[in-house]
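Enquirer: If you scroll down you'll find the structure; I have some questions about it.
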Amino acid sequence: MEHSQPNSMPQDLSEALKEATKEVHVQAENAEFMKNFQKGEVTREGFKLVMASLYHIYDALEEEIEHNKENPVYTPLYFPEELHRRAALEQDMAFWYGPRWQEAIPYTQATKRYVRRLQQVGRFEPELLVAHAYTRYMGDLSGGQVLKKIAQKALDLPSSGEGLAFFTFPNVANATKFKQLYRSRMNTLEMTPEVKQRVLEEAKTAFLLNIQLFEEVQELLTQDTKDQRPSQASDIRKRAGSRVQDSTPVTTPRGKPQLSVLSQVPLIRWVLTLSFLVATVAMGLYAM
């Protein structure tokens, strides 16, 4: 009986990932912020912040993927034409921030934490990169499509898809079939049981990075509901700003300036928008 314990883990990596992340799936599914997003409570100003955060995250992820594209621990999952989002997000940045978007986009503390982890994995633990690629791209191909429709309606965006290039995968003809292909490729990766367990733990870390963001947003939301008087608006922005500016040195993707835009947007819009960011991950991954 004691020898049956190792066999309790699903043999296929894709199934093992699904099983290992069930608990964090539930946490994300039951998050209060989901109700806000499902009601379409997203503003244009806030959505810009969401897209900027996604740009930083995918810029870091895909830079590390490029560094490891010939590494056997990742090569079978290298689908730049079908999946990579950086070019699409650059289009979205130009739409939302204008031609000088690289000088204008914000870089929040929660995003920095995510980027730091991606850089660490890509450079020192590339065998774990599959966990981040799987959770992000498969989520984008699933629940991300639902979020696109909600955002398009809530923000009254053009039906042509301007400002939403991130959600469009022109080189994926059938999302369901492609996800099946991706999972089958994942299952061909050779790894020891020890490495496999680390991959599963890293997938949980990817979820937890977003749950931490949710907790931060909830705290700011609680503070904002307690401080509604105009005379206190400056103090609220200062509290929020202290959370966005991270004193810890960090490598900025492509050397972009780390500019805060919180002073330009009402806090409540910022809070609701960050909720949208976490909702993208939570809903997208749960749909897998």
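Cβ atoms are placed via backbone N, Cα and C, with glycine included.
From Swiss-Prot, here are the annotated features:
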REGION    1-20  region 'Disordered'
TOPO_DOM  1-265  topological domain 'Cytoplasmic'
BINDING   Lys18, His25, Tyr134, Arg183  heme b binding site
SITE      Asp140  site 'Important for catalytic activity'
REGION    224-256  region 'Disordered'
TRANSMEM  266-288  transmembrane segment
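Map these features onto the structure and tell me what's around them.
Expert: The number of other CB atoms found within 10 A of the CB of Arg183 (heme b binding site), across every protein chain shown, is 18.
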Enquirer: Given the binding-site residues Lys18, His25, Tyr134, state which is nearest to Asp140 (site 'Important for catalytic activity') when distance is taken between Cα atoms.
Expert: Tyr134
Enquirer: Show which residues of the chain containing Tyr134 (heme b binding site), separated from it by at least 6 in sequence, have their CB under 8 Å from its CB.
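Expert: Listed in sequence order, they are Ser14, Leu17, Leu77, Tyr182, Met186, Ala203.
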